[in-house]
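Asker: Below you will find the structure I want to go over with you.
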Amino acid sequence: MEVCYQLPVLPLDRPVPKHVLSRRGAISFSSSSSLFGAPDPRQLSQRRGAISYDSSDQTALYIRMLGNSLITLTFHLLNQYGLVELFQLDMVKLWRFLVMVQEDYHSDNPYHNAVHAADVTQAMYCYMREPMLAKSLTSCDILLGLLAAATHDLDHPGVNQPFLIKTDHYLATLYRNTSVLENHHWKSAVGLLRETGLFSHMPAEDSLNMERELGSLILATDISRQNEYLTRFRVHLDQDNLCLSSASHRHFILQMALKCADICNPCRPWELSKQWSEKVTEEFFQQGDIEKKHKLEVSPLCDRQANTVGNIQIGFMTYVAEPLFAEWARFSDTRLSQTMLGHMGLNKASWGGLQQEQTSVNEEAEPIPAGTDAKDRTAAAGAAARRDSNTATTAGGTSSKEIPQGSRES
C-alpha cells in the first residue's frame, strides 16, 4: 500500500459547470462515461442509485464531494478498504446512516460542521496508512477509526462544555459535567447506528462491543484529558513498549491518531490552515457574543474585543498541537509527520508576523501621550506581553473541540 505523505486538500471550493451541478443522480457514472455528455447506456445497469461509481473516476468522486463531502468520503473509504463487503454491511442502511450523520451536523456552525468531520476523516485515513499502523491495524480497527472520525463531533451545538455547564444545559446534567460534548457525540452516533440497523445483522455482543469501542475513541477527543493521553503516550515511547499486536495498544494508538486528526488544521499548508483558524475563532467569538447578550461571564478566548485569531492560534499551537504532534512524530517518524511539523512551524511564524504587523498598526493609530518617558513605555510593553502570554496559556486548555455550538440560552 502506498504511503500517503501529504494531507490532500478536499477540492470543495473549485468552480463546477452549471450543467454538472444541475444533474440529479446522474452524477453516478462510470469512468467510461463522458462528463459533458450522456453516460454509456451499457453502464446504466451497473449503477446503484446515486452511490455507485468507478473508483478510478476522480471527476465523479470530486463532483459527489461538492454537496455531500462527509457522505461521499466515508463511503468511498469504507468501500476502498473492502469493509462494506467484509462486514456484510447493507448498502441501503449504510447510505441512510451516512446521510443521517451528515444531516446531524449543524451547517450553521462556522467550524464544527460536516466539512470539519470530513476533514478529520480524511486525516484519520492518512494516519492509518502510515507504515506503523498500516501493517498492524485489523479491518475492525479501520472500520472503527473511520466511523469515529466521521461521527466524533456529531450534533455539536457550537458552544463548549463550560458554556453548557454554566447555562444548566440538560446535556451537562445528563452527563454530570464530564466530557459532556463527547458523550453526546458518541450517544448520538449509537442512536443512528441502532435507528438504521447498520450492525443489526451482527451478534448482539459484537454490536455492543463495536458501540463501546466507538465511544472510547470519541471520548479520547476531550481536550480536557489532553495531558492524560499525552503523558501515557510519552511514557510508552520512552519505555519503547508499544506492541501493536496487542488489541489494547492498537486501540490506544487509534485514540491518539483521532486526537491528531481532530486538531491537525495547524499542520495544513498556510492558506488552508488560516481558513480553518478563522472559522474556529469565529465560532469562539459567536459564543462570546451570546454570553455578552445574556449577561454571562465571557469564556476565555471568546471575546472578540480582547482576542485575535493570531494570539489564539499561537497559544493553541504552543501548548496543545506542538506537544501532541512532536510525540506522534516520535512514534511515526515519516515524511508525513515531518511535513506536518514543518507546516506548523511556518504557520506559527506567519501568525506571529501578522501579530507584529497588527501591533505596529495599533501603535501608529494610538500615539503615546507627550511626556511619557522610555521607562513608562517599557513598562507598557511588558504589560502587553504578559497579557499575550496569559492568553496563550489559556489557549492551552481549549481546542477545536471546545467551541461554540447550539446551546440553550439562559
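Every residue number used here counts from 1 along the chain in the order it is shown.
For all residues, glycine too, the Cβ spot is worked out from N, Cα and C.
Dumping what TrEMBL says about this protein:
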ACT_SITE  His112  active site, proton donor
BINDING   His112, Asn113, Ala114, Val115, His116, Asp153, Asp262, Gln313  AMP binding site
DOMAIN    39-358  domain 'PDEase'
REGION    353-410  region 'Disordered'
Asker: Calculate the per-residue pLDDT averaged over the domain 'PDEase' (39-358) and state the result as an integer.
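Answerer: Taking every residue in the domain 'PDEase' (39-358) and averaging pLDDT yields 92.
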Asker: Could you measure the widest C-alpha to C-alpha distance across His112, Asn113, Ala114, Val115, His116, Asp153, Asp262, Gln313, the residues recorded as binding AMP, and give it to a whole number of angstrom?
Answerer: 22
Asker: Could you check the recorded positions His112, His116 and say which one's CB has the most other CB atoms within 10 Å?
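Answerer: In terms of Cβ crowding, the pick is His112.
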Asker: If you count other C-beta atoms within 10 angstroms, which of the binding-site residues Ala114, Val115 is the most crowded?
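Answerer: Buried the deepest by this measure is Ala114.
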Asker: If you count, for each of the binding-site residues Asp153, Asp262, the other Cβ atoms lying within 10 Å of its Cβ, which residue has the minimum?
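Answerer: Taking Asp153, Asp262 as the binding-site residues, the minimal 10 Å Cβ count falls on Asp262.
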Asker: Per 10 Å Cβ neighbour count, which of the binding-site residues Asn113, Gln313 ranks highest?
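Answerer: Checking each of Asn113, Gln313, the winner is Gln313.
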Asker: How big is the Cα-to-Cα gap, in Å, between Gln313 (AMP binding site) and His112 (active site, proton donor)?
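Answerer: Each residue's Cα considered, Gln313 (AMP binding site) and His112 (active site, proton donor) end up 17 Å apart.
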Asker: Can you grab the distance from Asp153 (AMP binding site) over to His112 (active site, proton donor)? Cα atoms, rounded to a whole Å.
Answerer: 7
Asker: Do me a favour and check the Cα-Cα span between the residue listed as 'active site, proton donor' and Asp262 (AMP binding site); whole Å is fine.
Answerer: 11
